[in-house]
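Notes for the one structure printed next.
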Amino acid sequence: MKLIFATNNQHKVDEIRHNIGDRFELLTLKEAGINIDIPEPHDTIEANASEKSKVIYEMTKTDCFSEDTGLEVAALNGEPGVKSARYAGEGRSSDDNITKLLSNLEGVGDRSARFKTVISIIIDGKEHLFEGICNGKIINERKGAGGFGYDPVFVPDGTDKAFGEMTLAEKDQYSHRAKATQKLVTFLNNLQKG
Ligand code: ITT
């Protein structure tokens with residue numbers, strides 16, 4: 001089964017490919033010859049995930065999926081949330097986003113946070129949504145050189161290791177993206193049986 005993954009983020013591709021296995025032929029936007037920066041104009045993760053898959057489905061009429069992810073920090077009323085990619089401003093780096101996050105949390109006792117991923121898949125024109133949540137906390141300084149985005153400062157519940165210190169396989173045991181992808185794989189497997 002051929003599926004386009006509507007993302008420009010190679011880290012997401014690596015993580016999802018790792019989980020989805022070889023049963024599905026997953027094409028990135030680049031591999032499908034599509035060169036666009038898909039807008040994320042909405043104020044919820046769900047709506048932005050939908051936007052991305054709908055734009056690509058309209059363009060290609062091929063089964064496709066997207067995902068949108070946000071880091072929600074309790075003491076910051078859920079920020080950066082939907083603005084996770086551009087928290088420090090448009091065009092700024094992930095490291096700038098982390099610097100802003102740590103600065104906003106300076107002296108704050110409650111460090112609890114969660115990652116939320118929503119996958120939107122469109123099969124034969126019909127959309128289905130799958131969510132994955134990973135609860136954890138924001139630490140005071142960066143740890144590890146692995147992962148991407150906020151991984152160096154996020155420690156999931158159930159371990160003392162930051163995502164930044166984990167291999168892909170270790171991150172999979174905890175991650176929001178792995179949980180959402182597992183739901184997607186179950187759905188696709190059932191579809192193939194039916
Ligand atoms: P798309 O092309 O898929 O939209 P993106 O990088 O713009 O890729 P998002 O809009 O979902 O992705 O932005 C979420 C940001 O949150 C992303 O740029 C990272 O900085 C961060 N992020 C997402 N998943 C993460 C993860 O598993 N670990 C750490 N940070 C993550």
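Quick reminder: no glycine exception, Cβ is built from N, Cα and C everywhere.
Quick look at what TrEMBL lists:
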- D68: active site, proton acceptor (ACT_SITE)
- T7, N8, N9, Q10, H11, K12, T69, F148, G149, Y150, D151, K171, H176, R177: substrate binding site (BINDING)
- D68: Mg(2+) binding site (BINDING)
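Annotated features, which come from TrEMBL, shown on the structure.
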residue: T7; record: substrate binding site; Cβ neighbours (10 Å): 20
residue: N9; record: substrate binding site; Cβ neighbours (10 Å): 15
residue: H11; record: substrate binding site; Cβ neighbours (10 Å): 15
residue: D68; record: active site, proton acceptor; Cβ neighbours (10 Å): 25
residue: T69; record: substrate binding site; Cβ neighbours (10 Å): 25
residue: G149; record: substrate binding site; Cβ neighbours (10 Å): 21
residue: D151; record: substrate binding site; Cβ neighbours (10 Å): 23
residue: H176; record: substrate binding site; Cβ neighbours (10 Å): 24
Rounded inter-Cα distance in Å - D68 (active site, proton acceptor), H11 (substrate binding site): 13
Contacting binding-site residues, sequence order - T7, H11, D151 vs ligand 1, Cβ under 6 Å: T7, D151
